[in-house]
């Protein structure tokens, strides 16, 4: 398309050419791959010469394929006016093959013999030039020119049209007859223009030079009627001479223009190479930034983690946790910047794993629960029952979107609530129940909110007719994050999703941030085949809504990982299944959220709006309520009513239920448990989530299981069993990281030996040795004067390069050499500890977050990959493959 557009726009510089085309040189060994890449078969030219067709009936698929030969010259680029020649092999013609081969040997323009042009069937010629891969000296040999040939550039000339245009400028066609002949073969001249009828009148013969000394051309002019007067003959001769000079000048200009086009092609190729080199440089810069910034941060986080395992008082532990939280925030910021860079380069990909959507949102709630309680902001999540339990997609990236949106809401909301809802798109379209009316009585906290329906107003999903996704296992969900914060100023709303743009400088100073969270979220939503939008009213709040397409996970074939996530919730649900609960809450939206979380435990829930309805439900119930959950707002607004309700509860209830207080702020309830004369009220802190709610109910109702190990103890115990007594070599040029890694492994009982250079590792791991495994940093600064870091990064982004990680390569070569010599009996197996097949597991350690790192480590001879600092679960997953 670029070639066609360029030649069409510059056609005015070649007024007498019918078009320009480019044919590429293809060897027979490359033909099959070439045709597969182009999507068409190389066609035979002489078939076209023998069987000219009308232009409206032209069909290139009917022409015969080019016969088998050593090489081909199929046309791949052509000006639009002659685009029908694409796929035609110039070397399959009879005379054209000789001329094309002569052009590349000589390095000069070569003219073909006259032949009927395709479609028009008028006689024409082609001026052909060879295009070389590089600049050649003027004294280059023919063989050197052949080897350097890349393709052929040709200009097509319609001789009849060319001569007619010139004659119209210089003379009248009724007075003078002109014949143009190709006299290369003197015995059989070929008429290129004019009539063959003889005339006894005077005739002027002129030789024409078209730039190819091999071809001979003549122009014969004569008067059509009586011989002209002598002065007219002189004028005519001068005119013909001018025509000949003009034709020669046109051909000369055409040759120069084609040479300029060839130079422009070379410049375009150079610019393309520079752009590709810039892209590689950017990727290498990302790898450097990832490692060089994260490496010291991981050292800090690792040492803080080790410090937390020592004996600290409460104040010291608080300081360490604060420092660790700040370090993690910085790493998260670095990851955001790198995510944005990966999105721009198109290297961000999504996983396809099974996950529990409700568990993901519970994790996000836990992340922000502390900040929400400190501010007194109510935080809640509601997921429709129609949303499947298990989905297949990328839970990490989905969590990242929710975290970005909720993080912004927490940051800019000082009062009211933040409400996250998840529904199927079909529900929003078909049911009015999930639509939010602009009313303070129909919100989570009673504060007015921005109408969420405006946030999805422009979504294409809602304008489609019929089924949104034709595949039965496709699940299209819609997620809304509603807050009662500051809102976004009208003038700033147009740049909300622009990277590194914030509402204003005061926002950056007050709340911090880089301004790329929403930009990344939008890109992730697009990757999930969804859309994102928002509505915001200053001083009222904002609502962000996005859609995402997942695949329904089959509950009958759950993966081990998803089973592990739901293990605890399922066991807790069985303990409460069949129990009944009464919720006292006048706000329907808030009561709906409470019902959702309590029902997740298998408890039957009934909701009432005041004390009177609550007592009525308890008194008339055929079965007893096991628990009563009262909203903090209801309790505080009517203390007399609260006391009356508690006093009458024991009188009318069959079995006195446990009473709980749902509180948004621990400080507002004065303690974890508040006493009201008659009954103890156990406070359940918000936001509600299944695990926390189940734990609170278990403790209050005497069902608490205190014997369960804390999070992380199981993998830690398993790691100790695997690593106890194992001799492990750690190789890292950074002393801090070396201490962190060694300390982490010694924590699990390993016998650790440290090395700071690659040469030390090679010496220590040369058989025979006693090491069970090696953890090696993949970016060592030097290896016997060899800069392996540069080689690694270059190969990481250039798939054509072989990864040259020197230390690992030498260790593997040494092991292979000894194994081969033991196998052929050259070495005694007893000398090598009775091991006939030496292969020490080498695990890569890196702080890189580039996606290609893992595959690159495996390609360079390593056996696995662990990130720094060590995480117990990942470390266990890797070492368990080698130790049993």
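Each Cβ is built from the backbone N, Cα and C atoms, and glycine gets one as well.
Just so you know, TrEMBL annotations never went through curation; they're auto-generated.
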Stated TrEMBL location of transmembrane segment, expressed as one of 183-205, 206-228, 229-251: 229-251
Cβ atoms near residue 777 (4-aspartylphosphate) (within 10 Å, other residues, all chains): 26
Secondary structure content of the domain 'Response regulatory' (580-701), with strand meaning DSSP E or B: 57 helix, 32 strand, 33 coil
Averaged pLDDT score, the domain 'Response regulatory' (580-701): 80
